[in-house]
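First comes the structure, then the notes that go with it.
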Amino acid sequence: MGLPSSLESYLLLILLSFLNVSTIYSSKPSKEEAVLFGGNFPAFYVIGDSLVDPGNNNHLPTMIRANYPPYGSDFEGGKATGRFSNGKTIADYIAIYYKLPLVPAYLGLSDDRKDTISTGMNYASAGCGIRRLTGKIAGKCLSLSKQVDLFEETIEKHLKTNFKTPYELREHLAHSLFMTVIGVNDYAFFYTRLTDANDFADELLHKFLKKIEKLHKLGARKFFINNIKPLGCYPNIVAKTFMLGLRGPSTNRYSSNLLNTTGPCCPLDYDGSLTSSCKRRSKTCKAPDSTHIFFDPRHPTQLANFMYSIACFDERTICHVV
């Protein structure tokens, strides 16, 4: 299934692939590649799940949270912000690359504070997905539909106060970057051996594209879309493709020192059904940012996120522009 015809001529789709690693750099970069690698985005809006949640779930009644040590041990000030990592996420590094502030969790801001921010918002919610019911067994979370609704709320209630005319607001949105990292939890919670793989994928793609279309109607034009990673032998497959994709001179400096490419850095607190995360205030491996790809069984260390950003933007080996 392709993009709705009304979108094809307007969207810049940037795929960060953790599976199909391919080099897109050429001696004559396309206009789209120039936008990606040399762009000057005024704002960065993030929609997604736990890979990029900066703390929205801290403000929701849910079991899926990361607002306690050892999460955040290497973040600024050693604070557990709600990020499912020892430090920064890939969304943080994208913001840094484009010289933007780290994008704040929407639910963690007062209305007055939201009125003052025009450099982006993060609506990502750990455990949630494309389907409305995904992750709800663990409590409340923000589905794809809800996150898009919150972006619409951002425009109507907050962004309009920052721009003198509707034209200025439209230009702001048209030149901003929108990241989506969502879909793997739909498989984790709902996919079984009895599920028809093609039908399930078609359903998710249809729902996803409907929300992309809504974002487009609201003014979004440039998208950074993260591919869904595989389930099953998750750590082994991701680690293998991670090492294959990060073979440039810069990433080799870091990857050559990795001691554990599949195991988590922190002791686990496994509830048997919903999620596996770090035990509260547990001791982690001594140097997660030099030895491990995974901080817990499903989420990368700050080092891994940093290496992804280098491979995407500097070495240009894992990002593909279409």
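Yeah, the Cβs are placed from backbone N, Cα and C, and that goes for glycine too.
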Which candidate in Asn20, Asn260 appears in Swiss-Prot with the annotation N-linked glycosylation site? Asn260
Residue with minimal Cβ packing [other Cβ atoms within 10 Å] among the recorded positions Ser50, Asn260: Asn260
